[in-house]
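S.K.: Let me give you the structure first, and then I'll get to my questions.
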């Protein structure tokens, strides 16, 4: 509502007001005399009353419009009756759909279908679910196109393999005192082998390492048969593996020189494997 015009006459004045429902309305009010001061004050009082009435009418109309809008939105909400997705504002698409990052495409599609069927009546919820689903699918497609090695996943797969589990099941961790005792014994043998190499090779040190292996295995298992089998098998396997590593894998080390450097390095590798067998073999 706005003031369109003011038409005055000697006896009356017409105030034209625009109304949204009735168009242009002309309301007549007594004219404002100007000749004498008392009449001027009386006309001013009427104008002030008209202004207050106009403001009050405008406030009532604004209130009615607001109430009508609230009622309209209330009717829309009651007609839909759909529940809103509680994770609609979660930014992580995996958390929004409630799945893990290792989920397969079937699991992703199943989560999307379940949420759509539950919150399908609420359009913002549907848009949020679809956006999260599309983002995850595009990310999976990019990972397939540009694969990268996941070290943690590879290590987990190796640990879960049957061969590794079968091997690790044959070992156990003993007391710390026993680990220290076996470590000192084989370290001393290694130092003697490096410092005092002979022309015949470290035959004496290797024999002592075999005896130490029998002793430590029997000290843990308390079984002569298992001690003989484990000790002999560990010695043969360690010596063969040490020879293979020195011939095919490990290059010559310049620090160890001499005609028996090959035997010395093979003996050191054998000591390490014998220490593992005599300390951790179950």
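Yeah, the Cβs are placed from backbone N, Cα and C, and that goes for glycine too.
This is the feature table in TrEMBL:
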- 178-196: transmembrane segment (TRANSMEM)
- 202-217: transmembrane segment (TRANSMEM)
- 229-250: transmembrane segment (TRANSMEM)
- 262-281: transmembrane segment (TRANSMEM)
S.K.: By a Cβ-Cβ criterion of under 8 Å, what residues six or more beyond either terminus of the transmembrane segment (229-250) are in contact with it?
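M.R.: Same-chain residues near the transmembrane segment (229-250) but 6 or more away: 209-210, 213-214, 217, 221, 262, 265-270, 273-274, 277-278, 281.
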S.K.: Other than its close neighbours in sequence, what residues sit by the transmembrane segment (178-196), given a CB gap under 8 Å and a spacing of at least six beyond its ends?
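M.R.: Residues 202, 205, 208-209, 212, 216, 219-220, 256, 264, 267-268, 271-272, 274-275, 278-279.
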